[in-house]
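A.B. asks: Dumping the structure here so I can ask a few things about it.
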């Protein structure tokens, strides 16, 4: 016999003419009274009893009233009259037996029969002699386990007789297993998951994550290279059509599921590789950011070391300077020595001519690159000074992660405003310098021809994603630390606008100083040297040293602001890694300090090659261009397509409506479904078509250079098709391909109380049927 049964209830059928239920006669009752079925109370496991309706179950009521003629009357709290409708075959046997022998043939089943008790609060108790029957009951299920005794005479009524107090009809018994509700989401319940202490901490932490090095280092350079005002116009348009919708989407999905990026993609089973790609991007970005912070820290220490003396990058004549070190003056390049060079020989390598003092300081002293020596395939010696700066940066990051979101939120409330104020002060000081308008005009005057260049649109969109930290997982992780009912629409829009304002202010601060420097030299801004990738560490420090009074103070303000901006962003990316580990292994949640320490040590080791003499800066450039460039577009495209089309805009909107209390506007829905995916896909396709394996110098490119560039390009994105293939094969072997893109059974609101409310609403017919919250899946 099966160990458990499932009871399926249907409408009551018409009573049959010949019932198989047991019908005792008066003679059979004379031998002994049949035990009465106790009146069960209301049970939450089987349903709700309608008190206004009579019980029409023919198995209990016999189709009408019942009497116990000739038998003893049974009394008690749970007593009921003996059923009138009972089995005809057993009735016939009893009639014949009563005539032939006084022995009661029903004594055996009467002695062992135990009525089913559906309510644990009933006063009925099992007799001590009923050792042959074991009835188990679970208030959360519809399954009752019955131990069956082998007896041919009792087989028929055992198969049909099911005492029940409910107003139901035919009861079917099927073999099955215990049906339990799906578990709460794999993430820690909201009551145990850490949360921001206040909404202010949440907003400041998100601002610290989004406002970072990209606003000060990358944005001014891209604006200078791709058309100034035209680039800013394209950037602003893409910020509204892609940046804001995607930021709101990531913030909402993390808050809804209360999960980090590695586990939140259970909303579409086959696309869980997106979370792994985000984790890899966070690792690469953390290594990149911290190396920039190490450079900033190096400049800060050098500034303190040269207090009372000219800044080391403002003059030549140092031990790292060469005969090609020049201090620029109007129309000529003056050699600090006995010779003045007015025009360089055309055969001389351009990279060794007109090298400013700031350039030689960064190249020869900070990076320790060989001046004229031939580069080899080796990385070179790891510089101890850069390594110490890198180690100090990771120690500071670890201290900010020591207590999880508690220390991060409080630190963000202090560091983020300080860094923004420092950038604002630099902008005010720069705009007050003579000739600053040259740089500002060069920055804002649009070159309209750039609007027709697809590369401008691609780079602008890439900068939107990089600046807002979208497709990296940090926004999802910070959203998961919000309370479930937190209103985030205006927060998302405000954070995106603040990020754009800081980018513009940083650009004005940089180009106003460059304009003042160009005015002092009597040349145009475009004629200034070193306006490439080394703008932050070469041109701007040199300009501050030459045009601003008290240059040591202004240099400190600039590099401290840049360091704080990068530090808060780096902490956000490390939270992504910590949250991914703790959401996957919840038992590690109390050990936040240990997890943070292990991750910081691992990222420190990964960053050591970037401190090498010969190839360290080349690795940093490759990491910026190939590791976190094209990959971000690919992950963002998969993210938008998964949430908007596989999970569905309708379901997504209803989830947000349930969480926030109001529906997203039509603008957000249109952007999620059509505009944002189309723009990201267009930029991705263009970048893939125009992708080329370019080296800084083919003659000095190491043999392992091409392999590294290809590896960095695919290392993050490769997880998406790999996980998809694994899930496809798993569903194929289990014959469940129909659920390939469906949410996992554990998907739903991460807040337990909110999950209960949503389950109740689904069962009442509200909203669409979410497969992740359907017991039958």
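Counting starts with 1 at the first residue shown.
Cβ from N, Cα, C; glycine included.
Owing to the predicted nature of the structure, the values given are computational and were not obtained by experimental measurement.
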A.B. asks: Write down the one residue from 314, 321, 467 that TrEMBL lists together with 208, 215, 565, 569 as binding Na(+).
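C.D. replies: Of 314, 321, 467, 467 joins 208, 215, 565, 569 in the Na(+) site that TrEMBL records.
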A.B. asks: Which range, 170-187, 188-205, 296-313, 332-349, does TrEMBL list as transmembrane segment?
C.D. replies: 296-313
A.B. asks: Between 381-402, 733-754, 755-776, I'd like to know which one TrEMBL lists as transmembrane segment.
C.D. replies: 381-402
A.B. asks: Can you give me the residues near the recorded Na(+) site, meaning same chain, not 208, 215, 467, 565, 569 themselves, Cβ no more than 8 Å from the center of the site's Cβ atoms?
C.D. replies: 209, 210, 211, 212, 213, 214, 216, 469, 499, 502, 566, 568
A.B. asks: Taking pairs 6 or more apart in sequence, does the count of Cβ pairs under 8 Å between the transmembrane segment (381-402) and the transmembrane segment (553-578) hit 3 or more?
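C.D. replies: By the criterion, they touch.
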A.B. asks: Measure the Cβ-based neighbour count of residue 215 (Na(+) binding site), defined as the other Cβ atoms within 10 Å of its Cβ.
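C.D. replies: The Cβ of residue 215 (Na(+) binding site) has 28 Cβ neighbours within 10 Å.
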A.B. asks: Pick from 325, 565: which of these recorded positions has the biggest number of other Cβ atoms within 10 Å of its Cβ?
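C.D. replies: When each Cβ's neighbours within 10 Å are tallied, 565 leads.
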A.B. asks: Test the contact criterion for the transmembrane segment (414-433) and the transmembrane segment (628-649): 3 or more CB pairs under 8 Å, pairs 6 or more apart in sequence, then answer yes or no.
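C.D. replies: In this chain the transmembrane segment (414-433) does not contact the transmembrane segment (628-649) - fewer than 3 Cβ pairs sit under 8 Å.
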A.B. asks: Does the transmembrane segment (710-729) reach the transmembrane segment (269-289), going by 3 or more CB pairs under 8 Å (6 or more apart in sequence)?
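C.D. replies: Taking Cβ pairs at least 6 residues apart, the transmembrane segment (269-289) and the transmembrane segment (710-729) are in contact, with 3 or more under 8 Å.
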A.B. asks: Tell me if the transmembrane segment (464-484) touches the transmembrane segment (628-649). I count contact as 3 or more CB pairs below 8 A, with pairs 6 or more residues apart.
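C.D. replies: Checked: the transmembrane segment (628-649) vs the transmembrane segment (464-484), in contact.
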A.B. asks: Cβ under 8 Å to the transmembrane segment (590-608), counting only same-chain residues 6 or more beyond its ends: which ones?
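C.D. replies: Answer is 283, 286-287, 290-291, 294, 382, 387, 390-391, 394-395, 397-398, 401-404, 574, 577-578, 581-582.
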